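In what follows, a structure is listed as structure tokens, so that the remarks can point back to it.
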Amino acid sequence: MGGPPARGRFGEYGGRYAPESLVEACREVGEAFREAWADPGFRGALARLLAVHAGRPTPLTPALRLSEELGVRLYLKREDLTHTGSHKINNVLGQALLATRMGRRRLIAETGAGQHGVATATAAALLGLEATVFMGERDIERQALNVFRMRMLGAEVVPVTTGSRTLKDATSEAMRHWVGATGDSHYCIGSVVGPDPYPWMVRELQRVIGDEARAQCAAELRTGVPDHVVACVGGGSNAAGTFAGFADTPARLVGVEAEGGAGAARGRLGVLHGCRSLFLQDGDGQITQAHSIAAGLDYPGVGPEHAHLRDLGRARYVTVTDDEAVRAAVRLARTEGIVPALESAHALAWVIRAADDGDLPAGSTVLMTLSGRGDKDVSTLKELL
Ligand SMILES: *Cc1c(COP(=O)(O)O)cnc(C)c1O
């Protein structure tokens, strides 16, 4: 979880499985990012954007009443308090700044529920770039409000009518479109997935979560380091960024997936979107559709570094049902006055279950990344409660 992986590989995972022209474009992005990341000028400019536009650093909140009930000491890293309401802004501001440095005028992005699309449109507007966002036709129907947000921010939203007309197809379409536009456009991937360098570049851009949390834990906890570090996993970017801050500590790392999107816990080796990793597949090796109440966890695979951390036993991956996540969201609302995103509620649901069944011993300290706020999910919750 340090620098770039050798030859773009995390163990047997990762790589660059793409058409020749994209392999070249990815090589350029990797080279430019490596240079930028070593340049204090770039780091300083990004840190300033994160501070004055995104609202960093985010607080570490002790969840006092819930901790009392659970018999553990739970601390929440508050990515829900960032501008646009989730950790996604950390990644898109970094990539937008990189695109500017590379002389690109336009960002291309894929989006499922629209969260990454809105974040990309936001970063593009801030830096005076154009944004083209690919979105499945079915998702466009289901997420009308986010489509409107993107258009209001000046982005073009392109409906994708192929396949299941959801995120997987939008990603394929965005990559296809990039082939013809690599000269003036940067493809801004939303998680630690896709061809090298995206998995480690996005992890580096999200490690601000883990680095801040590490320093905050050092100041707040008697032991300095929490016993457990927990985050939800869709593609795995908020978890990868969080884990990176604790890689060299004895903290136990736990990634929580949706029962219906458990790439790390239940996937098999495959290749999708330019990357070798673990994916949900049917008997014929076809990648299957993920299903989760949390749109951000609705991805049939997981980033290659998580697959590798699982093999190494450095991190463990567990699953939570829709129902458990909904109950956890309500419990956090009523004990702490925080309505979490349903994605983040998955991480909390595991903490609650593990505290109840002794998997988390009484008195353990737990750092959990609260990846986003629940405003986007209130209509879903309203149907259920
Ligand atoms: C998109 C999203 C996720 C899942 O993405 P990761 O790359 O796994 O972090 C989790 N939480 C929220 C709030 C999201 O918007």
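In case you wondered, yes, glycine gets a Cβ from its N, Cα and C as well.
Residues annotated as domain 'Tryptophan synthase beta chain-like PALP' in TrEMBL: 54-372.
Summarising the environment of K88 (N6-(pyridoxal phosphate)lysine), the number of other Cβ atoms within 10 Å of its Cβ, over all protein chains shown, is 28. If you look up TrEMBL, you'll see K88 marked as N6-(pyridoxal phosphate)lysine.
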Please report the DSSP secondary structure of K88 (N6-(pyridoxal phosphate)lysine), reduced to three states.
-> helix
